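As annotated by Swiss-Prot, domain 'Fibronectin type-III 1' applies to 294-387. As annotated by Swiss-Prot, domain 'Fibronectin type-III 2' applies to 390-471. Residues or ranges marked as domain 'Fibronectin type-III 3' in Swiss-Prot (evidence: sequence analysis): 486-587. The feature compositional bias 'Pro residues' is assigned by Swiss-Prot to 582-598. What Swiss-Prot records for 603-616, 735-746 is compositional bias 'Basic and acidic residues'. The annotation compositional bias 'Low complexity' is assigned in Swiss-Prot to 641-651. Marked as phosphothreonine by Swiss-Prot on the basis of a large-scale study or a structure entry: Thr841. Summarising the annotation, Swiss-Prot assigns domain 'SH3 2' to 848-916 and lists sequence analysis as the type of evidence. The domain 'SH3 3' annotation in Swiss-Prot covers 952-1019 and is backed by sequence analysis. The compositional bias 'Basic residues' annotation in Swiss-Prot covers 1040-1049.
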Amino acid sequence: MREAAERRQQLELEHEQALAILNAKQQEIQLLQQSKVRELEEKCRVQSEQFNLLSRDLEKFRQHAGSIDLLGSNSVALLDVPLAPGKPFSQYMNGLATSIHKGHEGPTGHYSVIGDYIPLSGDKLESPCVKPSFLLRSSSPRCRFESEMDDDRSSNKSKHSSSGKVHLCVARYSYNPFDGPNENPEAELPLTAGKYLYVYGDMDEDGFYEGELLDGQRGLVPSNFVDFIQDNESRFAGTLGSEQDQNFLNHSGISLERDSILHLHSPTQVDSGITDNGGGTLDVNIDDIGEDIVPYPRKITLIKQLAKSVIVGWEPPAVPPGWGTVSSYNVLVDKETRMSLALGRRTKALIEKLNTAACTYRISVQCVTSRGNSDELQCTLLVGKDVVVAPSQLRVDNITQISAQLSWLPTNSNYSHIIFLNEEELDIVKAARYKYQFFNLRPNMAYKVKVLAQPHQMPWQLPLEQREKDEACVEFSTLPAGPPAPPQDVTVQAGATTASVQVSWKPPALTPTGLSNGANVTGYGVYAKGQRVAEVIAPTANGAAVELVRLRSLEAKAVSVRTLSAQGESMDSALAAIPPDLLVPPAPHPRTAPPPKPLTSDMDTKDLGPHVKVDESWEQSRPPGPAHGHMLEPPDMHSTGPGRRSPSPSRILPQPQGAPVSTTVAKAMAREAAQRVAETSKLEKRSLFLEQSSAGPYANSDEEDGYASPEVKRRGTSVDDFLKGSELGQQPHCCHGDEYHTESSRGSDLSDIMEEDEEELYSEMQLEDGGRRRPSGTSHNALKILGNSALMGRGDRMEHVSRRYSHSGGGPQRHRPMAPSIDEYTGRDHLSPDFYDESETDPGAEELPARIFVALFDYDPLTMSPNPDAAEEELPFKEGQIIKVYGDKDADGFYRGETCARLGLIPCNMVSEIHADDEEMMDQLLRQGFLPLNTPVEKIERSRRSGRGHSVPTRRMVALYDYDPRESSPNVDVEAELLFCTGDIITVFGEIDEDGFYYGELNGQKGLVPSNFLEEVPDDVEVHLSDAPPHYSHDPPMRTKAKRVSQPP
């Protein structure tokens, strides 16, 4: 009690100490939070002061309109800008474009607004002085770079700022810098697929651009994530986009020469009290001083309107240094040139011979330059009768499923326009713009567009009713969702391996939701001669590997790519030619089979008969130590003897826990369990079982079938048959690895065939008219050795087996290397036929009748085969490919076959035979080269099961150990295995697979059972399992194509 009390006091003391520490930490956290709040409040106060200062500057700018005059005899337009002492004038001009985006960073880290370069009044250069004014975009938290950025980052920024090259881009993919590999993700911009952004200057050495999002965020942009939006036939210059935040520079649109387009990015709002596109502020934009657009006159003004004439004035354009030469102005009336004024004269014109009282005229002014004329609609106005503020001739063109282009004729190019879509304000279009591009619309939907004109100043010369008419409407409907657009720029190059080519393309433009023409893009398909040869399921994929074997089988010279979607496929892209050198098949390599190496065993070979030997190299590769009755040692997969091939690596069974069970005890357990089940079985069910057993398809095969030498006699499927070895000539059940299954390009419909034991497929070819084996020149049966010391002393069974296999006569006997089996260490008292080899490839195999097989999986010997000479000896193939096979498979489990005029070896566990109805059908399959993509598995299975009159036999096994796959199994797919307890009677269907597992049934549940946990029920004990029929005639369920592995206990 005393110790308990002391312990309690100690715990209470520790609890109090922990509470004290917790309180101290909480107080520290609160102090940190309060400090952060105070810091944020201070920043907010500073920003508010700067905002007020900027507002006062803007008021001054509204009162004093800036102007830009043309100076110099070289006809080079220069800005009328007050110069700072010691600062070259060219530096102002070169930095003007990017200063709008980035600004010249002042001493406090803020950005200079364009007002730094705007004169307040006067038409002549004043004394050099400049009053700095800084702009902080408070509503955009990342509108400027942090002051902590390194010097390299700042130098890159300065370099791009001075270049003046601005480009509009669209993000091809979404990108989160914090998920990327770079060490400074805060210096990069997050991207959203389909969104627009601006990049400055050239790409740096790391492949990044200096960029800015439409909300003002700036940072690095990976070049492979963006596409430039620029028409080679159009003059392009990007402008900043107007946003919902308090950006005081109005950014909007793309202006194209004679075809200006404003792109819709997102619903935006601009405070009309701040943004003024009229005469109150200098309307300077990137397109005004860009290199790719013809500068246009600004701010056309109606100075005087008379009955027969009008006087108009304008301001000269802003021409970047080195852009070109502006020679004169053209004054047009209704697109007809009335006069031409030389550059340097007064920017005013008197236009006569007009009837303004009865007619309406459109007056326009354009620049004549060495690089073409400017757009007349960027400097235009209407005069005369019935002039209203609203725009006219609204049109919607280029309507697609998700986009449309709106255009109009402005009453005055100084007016800005507000765009409404379905009565919701969408965006503001700046002055001198008359087109707008809608994106992200919904397919097959009606829209109503309203354009509201906003004059830069009230047109008092117009009557009230004409001033009030300030809007125009138009309606349109988008197209129904249709096929997506095809990919572009398709090319074919050499692939990663010699057996494939790489097809690359540029995906079509997608919306942020992954739509193309309103269709939900799911992937891309590669086609050759109208047949799909490859498919990739990824909306943003830009390439796929295509196996050359398919292209050669189709004799294709070019490929095309289609965009796949839920609404169908697109049209074919432009054909891409396949380089001829890639289509040339490699020269065939004749196979020289190495002589088989005799096998030895630790058993006395005299007990096994004259034809039974064990591979010495296999025995040498075994780890040291005794082998017990049901203990299993993993074989060494790296010590395969010379001359042997490995269709697929072996797998290892789980190990029983506890002491090993001796053979005597195992027999006793099996007998006791069998007798216990037999006593509890009902007589009626036992009678039914006996009737079904006696009526089985193999019951009387001994009496019905005779054997001619040297053929091996086929017996009924009794338990003794399976204890001594199968005589049905069945092909081993080969389980395929996950790598074969997952690489299937068509969902592996064909791979479902492998769920049927492959020995059944082979036996239906080998057995004729009641169970005879097809005649062959030699006897190809071979015995798999159970090289276990526990088999010593069972010479009677070994001798019996030896006698059976020395039964043949009248012809030469062929001996083959014995394939080492997992059962070699299990101490089982029956010999599994899973590794029996049916034949060896004869030198004249091509002279035998050809058989048609279909590939169940993709197979590339270079990457998938464990054999060193795979590239020369083995053939690659694709799932569904038709293969011509000569003869039976050899001792290593390989067929000799032909694909694309090349002979080589084919692993038996990767193909399945097809039974053609006649020669014409066989020729058709060979010409086609591949099974059609839509061939149902049921049709193939019916074909291969036709003529088969036997079912998979069943046997009874007793469990020697408890087995819970969730605890004892080292495999991933534990749900595929059965749970059982010691003494349970399990019905086993067919033979053991090469992994060492049976397919069995217990209490109505079916699954895989490790063979080293089971013991055969003795033949002299009659057992009837009421829930298991004597012959299992149904296909086992799909097995997960995963290699089974285990760890030693």
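The backbone N, Cα and C atoms fix where each Cβ goes, and this holds for glycine too.
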### Task
Determine the mean pLDDT over the domain 'SH3 3' (952-1019), rounding to the nearest whole number.
85
### Task
Give the residue counts of the domain 'Fibronectin type-III 1' (294-387) per reduced DSSP state, in the order helix, strand, coil.
3 helix, 50 strand, 41 coil
### Message
When secondary structure is assigned with DSSP, how many helix, strand and coil residues does the domain 'SH3 3' (952-1019) contain?
### Response
10 helix, 31 strand, 27 coil
### Query
Using DSSP, how many residues in the domain 'Fibronectin type-III 3' (486-587) fall into helix, strand and coil?
11 helix, 49 strand, 42 coil
